[in-house]
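As written in Swiss-Prot, here are the features:
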{"type": "MOD_RES", "residues": "Ser2", "note": "phosphoserine"}
{"type": "BINDING", "residues": "Asp20, His22, Asp60, His247", "note": "Mn(2+) 1 binding site"}
{"type": "BINDING", "residues": "Asp60, Asn128, His217, His245", "note": "Mn(2+) 2 binding site"}
{"type": "MOD_RES", "residues": "Ser275", "note": "phosphoserine"}
{"type": "CROSSLNK", "residues": "Lys282", "note": "UFM1 cross-link"}
{"type": "MOD_RES", "residues": "Arg570", "note": "asymmetric dimethylarginine"}
{"type": "MOD_RES", "residues": "Arg572", "note": "asymmetric dimethylarginine"}
{"type": "MOD_RES", "residues": "Arg574", "note": "asymmetric dimethylarginine"}
{"type": "MOD_RES", "residues": "Arg576", "note": "asymmetric dimethylarginine"}
{"type": "MOD_RES", "residues": "Arg594", "note": "asymmetric dimethylarginine"}
{"type": "MOD_RES", "residues": "Ser618", "note": "phosphoserine"}
{"type": "MOD_RES", "residues": "Lys671", "note": "N6-lactoyllysine"}
{"type": "MOD_RES", "residues": "Ser674", "note": "phosphoserine"}
{"type": "MOD_RES", "residues": "Ser676", "note": "phosphoserine"}
{"type": "MOD_RES", "residues": "Ser686", "note": "phosphoserine"}
Amino acid sequence: MSPTDPLDDEDTFKILVATDIHLGFMEKDAVRGNDTFVTFDEILRLALENEVDFILLGGDLFHENKPSRKTLHSCLELLRKYCMGDRPVQFEVISDQSVNFGFSKFPWVNYQDGNLNISIPVFSIHGNHDDPTGADALCALDVLSCAGFVNHFGRSMSVEKVDISPVLLQKGSTKLALYGLGSIPDERLYRMFVNKKVTMLRPKEDENSWFNLFVIHQNRSKHGNTNFIPEQFLDDFIDLVIWGHEHECKIGPIKNEQQLFYVSQPGSSVVTSLSPGEAVKKHVGLLRIKGRKMNMQKLPLRTVRRFFIEDVVLANHPNLFNPDNPKVTQAIQSFCLEKIEEMLDSAERERLGNPQQPGKPLIRLRVDYSGGFEPFNVLRFSQKFVDRVANPKDVIHFFRHREQKGKTGEEINFGMLITKPASEGATLRVEDLVKQYFQTAEKNVQLSLLTERGMGEAVQEFVDKEEKDAIEELVKYQLEKTQRFLKERHIDALEDKIDEEVRRFRESRQRNTNEEDDEVREAMSRARALRSQSETSTSAFSAEDLSFDTSEQTANDSDDSLSAVPSRGRGRGRGRRGARGQSSAPRGGSQRGRDTGLEITTRGRSSKATSSTSRNMSIIDAFRSTRQQPSRNVAPKNYSETIEVDDSDEDDIFPTNSRADQRWSGTTSSKRMSQSQTAKGVDFESDEDDDDDPFMSSSCPRRNRR
């Protein structure tokens, strides 16, 4: 449909829908560095050409939680280029915006700000890549919101319960209730749904007249018993769900026969993992809503780098390959070379009809060498395609297929972790590795004081959010709590009794999940507070504080038996940090990257002794060591096991969750009209004008509910 289609009247919402844009992905790569920015430019251009009312993003606008200056600058540049202008906005917000955007310093929609000239508003929830972190719980979307380019909604301020208040929009006679829920850890949100702690508030008046649109960013496919959100958990009054986080493009609305709503999964706009789901052609959606009818038009993205993947099982070609043949390796290389050439030919044919597509495609040939075969040197083989593919280092991946045990063949659990190439394990999470390690570890190395879940959360904060104090603060907090427990119980100072009481206390905390959640939150808040204090104290240093000669520092540090050698012409401004010979860290005194995370001042001589003796240390010795040796450096463990996640979307059937009715009301200023709301069900009356409605072919079915 063209922008001047007669169906696009004054009563029809036109919404451009996209998710998982991942700005900044591989931005330092010489070939793929600009892919995300080019595709984001195309998405915004499609919105402008189709004259949409607004853009709806389903999370993960940024790939990194703390995007680089280049990424943030490019994003702001494109939003300013396409979303600002004199074209009037044709819809109005009639809900209480102080509730919808209450966490913002500017709690109103951006196009109603008199200081801004917005022609295409952007509404977005946050994803798991760009979620709020730090002491102030801010994310990159909050920066865009403060700048006036994005309306960040769907943020939950509580970790115990979630009340989802819709943004109520109206265009002509069409009323749209826009619900959003930013990314929450799946296991926590799953538990909230089970405990009926998630409430979707509804308009109190004229419930039947609203089209209910819900945007969510969670696991849709099953990755574990509670590590996903079943569609059956969602309220049945919803008309359409826009599901982010899953990268495979399934943008055509699919009806859930149990809940009777439709689910659209737009998928990502960039290939972030070389897995089969990413090979599906990428689209964004042009969603039209008129009354209670909707239509989703697929808009192909033409600037996405094409990705071709193919699997080869050597054992399936006994006439070509014999593992006992001394020249079988040369035969396998020739076979793989032929397969890759075929994929390159297919990529070239597709590109001939689309000049906007990048020149070098992504190629992945997965070779199953089980059956007695041996892999060859992949790097040497890949040198043949350096100038022809965008991923020359991992064109071929060798793996061995592992049989799944305990399968009946009737029902497949698509969420079980199976063997997968390490580069394809994009859905594997850090806390899963921690939990899996301690579940399979021997008894003598099992945790006896700390909890697996707490350690998993702390490691995730350290790796994903670069909270360098997360692990240390969690250990310190749980140790302090255990010590208080033992003091209150007046336990005899016998090692056996202390060990037994500590184990009992740990088991009781594991059974009480709410208490364990509180522990993790308290430890993480401590870590964020420490980081904020560190950043504040660092920024408070003046030039006078740092401008004294290093010769003075050398004299002051004589007790440490470390000699500081002043460098030529750079003696001033370095004294308090110590000489460069003490550490390889850059200027500034600490490294906060993922591989270091500990400040230089903590790398004392006692840390090595602590880490070397901690392996066989009893609990009572650990208590003593906390007073004698405050430094904690734990040698990292390497996990070489590769995990594979099946991305199939086959759903298990879950019983419908009963929900309590709740009512609410809100008041607004002259700029934001009032609207009271409730959580009762909707009576769907028969539409008498279906024959005349232009959206009949894609309309929602007529439903009768209490």
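Using N, Cα and C of the backbone, Cβ positions are placed for all residues, glycine too.
Reduced to three states, the DSSP call for His217 (Mn(2+) 2 binding site) is strand. The Mn(2+) 1 site is defined by Asp20, His22, Asp60, His247, and by the 8 Å test on Cβ atoms against their centroid, the other residues of the chain that qualify are Thr19, Ile21, Gly59, His63, Gly127, His129, Gly244, His245, Ser268, Ser269, Val270, Thr272.
Close to His245 (Mn(2+) 2 binding site), meaning Cα to Cα within 10 A, are the following recorded positions out of Asp60, Ser275, Lys282: Asp60. Apart from Asp60, Asn128, His217, His245, the residues listed for Mn(2+) 2, the same chain places the Cβ atoms of Thr19, Asp20, Gly58, Gly59, His126, Gly127, His129, Ser183, Gln218, Gly244 within 8 Å of the centroid of those Cβ atoms. Lys282 (UFM1 cross-link) sits 9 Å from His247 (Mn(2+) 1 binding site), taking the CA atoms of both as reference points.
Neighbour density at the Cβ, taken as the number of other Cβ atoms within 10 Å, is lowest among the recorded positions Asn128, Ser275 for Asn128.
Cα separation, His22 (Mn(2+) 1 binding site) to Asn128 (Mn(2+) 2 binding site), rounded: 11 Å.
On its own chain, Asp20 (Mn(2+) 1 binding site) has Gly58, Gly59, Asp60, Gly127, Gly244, His245, His247, Pro266, Gly267, Ser268, Ser269, Val270 as residues at least 6 apart in sequence with a Cβ closer than 8 Å to its own Cβ. On a Cα basis, Ser275 (phosphoserine) lies 20 Å away from Asn128 (Mn(2+) 2 binding site).
Highest local Cβ density among the recorded positions His22, His217, His245, Lys282 belongs to His217, counted as other Cβ atoms within 10 Å over all protein chains shown.
The 10 Å shell around the Cβ of Asp60 (Mn(2+) 1 binding site) contains 27 further Cβ atoms across the protein chains shown. In the three-state DSSP scheme, His247 (Mn(2+) 1 binding site) is classed as coil.
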